[in-house]
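J.: So that we are looking at the same thing, I have put the structure below in structure tokens.
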Amino acid sequence: PSPANAGPAPGPPDGGWGWVVVFGAFISIGFAYAFPKGIAIFFKEIQGFFDTSYSEIAWVSSIMLATTYGAGPISSILVNRYGSRPVVIFGGLLCGIGMVSAAFCTSILQLYICVGFITGFGLALNLQPSVIIIGKYFLKRRPIANGLAMAGSPVMLCTLAPLNQFLFDNFGWRGSFLILGAILLNCCVAGALFRPIGAPKIQSNEEVKEVLKEEVTKDAMEMNSSTNIPVETKPEEEEAKDCCEKINKYLDFSLFKHRGFLIYLIGNVLMFLGFFAPIVFLAPYAKHIGIDEYSAAFLLSVLAIVDMIARPATGIIANSKWVRPRIQYFFSFSIAFNGACHLLCPLASGYKGLVIYSVFFGLAFGMVCAMLFETLMDLVGATRFTSAVGLVTIAECCTILLGPPIGGTLIDTFGDYKYMFIKCGAVMVLAGTFLFIMNYYNYRMLAKEKRKAKEEDPKSVRTESEGRNNLNKDTVQDGPELEPLREEQERLKKEVNGT
């Protein structure tokens, strides 16, 4: 139905088909987050095949992650225009095409294009729509739903890490890329589950006629009341205003005036400088110190299993009455905890030490990912969340792009992985501390503004009621004197109705 014939959209059902949507988001978010990490299994062999350095091969994951985040505004615009379902299905097709094309690459530059840009853009069209549609289906249970959907990342990573090693041993990296391209087409199936919420109410012809009649009457009254007011036409200003309105319809740039949004944006941009590099280099680091391939891949599985448990558990904790009112503090602690794990990683000696590191890293990583979008929605609300996701991801893509290559450069320069882990840990502890301090300031300001509003509201209500009482008294006292004015007012109303 056309917008003129559609009634208000129904509210979030907090259940029902929403749980099927969560399952679809579980698949699409899982591929979007886990695939750039799981593909690191092939890096050491591809590095030897193309004779490249650590920093050069790290650009494959960096470009993929940066494209996934940098294409956020495009994904948000497409979701606002077409809805989540067609966007995710199209993204799944792009993922399959990108990986199949990568199987025939003959240079590292071609891998950057096929795996980095094409597959990364397809993953972007899977990530944002999946997160956005959960906010439309859930309100009260939203932290739990987000936690369950975000658990798709560790489940996929736990599956992809040994699967990729098995595929490489049997089919080589080219054959593995062909099979992975076919597996990524399952994102199209996940997108098919994203049924638009509810169905708008269709008005009858009689109701439409009544609405149109009321609008015509209202326009006539406005024209009669403004016959003596000169109207100036400003076509250029109106066109500029229309253009700005069209842009703001898809991306709300007024969010840059939102204090909480700016705090979240700065903290996350800093955090992502050290967020993904440790996962990308964990398996190559294990191989570097003499651990066999399957044991190195198993470290990612350990991380993923703990992450799998941590995400829904974090969602349940974040939904509790003690944590949800101050969820930003919990998010800040999770980021700082993540950084502390990386700082302690160089102390881990041998395979057992790396397993312990993977357990704590998986716990911290799951806590951050479970609340990554929930905290943003808590700050800006569900209505502005679509635009907020797009603006945040485009800002984050720069540090996501630079994170792994900087880590690879440190490895090439010093010949040791510990400096990469120390850099990532220091950056994330700094980001967590910044968010904690600034969120404390934001909560203080919000409480102050709320207290000020409460102090002002009773005065305005009392003044309004006193004015109404005085008006009633004047009307009663001066009733006979105002009688001619009332008659004149009635006569004007009749003339307008006649017109």
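Glycine is treated like the rest: Cβ placed from N, Cα and C.
For reference, TrEMBL lists these features for the protein:
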| type | residues | note |
| --- | --- | --- |
| COMPBIAS | 451-467 | compositional bias 'Basic and acidic residues' |
| COMPBIAS | 483-499 | compositional bias 'Basic and acidic residues' |
| DOMAIN | 18-443 | domain 'Major facilitator superfamily (MFS) profile' |
| REGION | 451-499 | region 'Disordered' |
| TRANSMEM | 16-36 | transmembrane segment |
| TRANSMEM | 57-78 | transmembrane segment |
| TRANSMEM | 90-123 | transmembrane segment |
| TRANSMEM | 144-163 | transmembrane segment |
| TRANSMEM | 175-194 | transmembrane segment |
| TRANSMEM | 261-282 | transmembrane segment |
| TRANSMEM | 294-317 | transmembrane segment |
| TRANSMEM | 329-349 | transmembrane segment |
| TRANSMEM | 355-373 | transmembrane segment |
| TRANSMEM | 385-407 | transmembrane segment |
| TRANSMEM | 419-441 | transmembrane segment |
J.: Hey, which of 16-36, 90-123, 175-194, 261-282, 355-373 has the most Cβ-Cβ pairs under 8 Å against the transmembrane segment (294-317)?
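T.: Most Cβ pairs under 8 Å with the transmembrane segment (294-317) come from 355-373.
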J.: Can you name the far-off residues of the same chain, 6+ from the ends of the transmembrane segment (144-163), with a Cβ under 8 Å from a Cβ of it?
T.: 18, 22, 25-35, 37-38, 41, 130-131, 134, 137-138, 283, 294, 297-298, 300-301, 303-308, 310-316, 318-319, 362, 366, 369-374
J.: So what's the mean pLDDT when you look at the domain 'Major facilitator superfamily (MFS) profile' (18-443)?
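T.: Result for the domain 'Major facilitator superfamily (MFS) profile' (18-443): average pLDDT 79.
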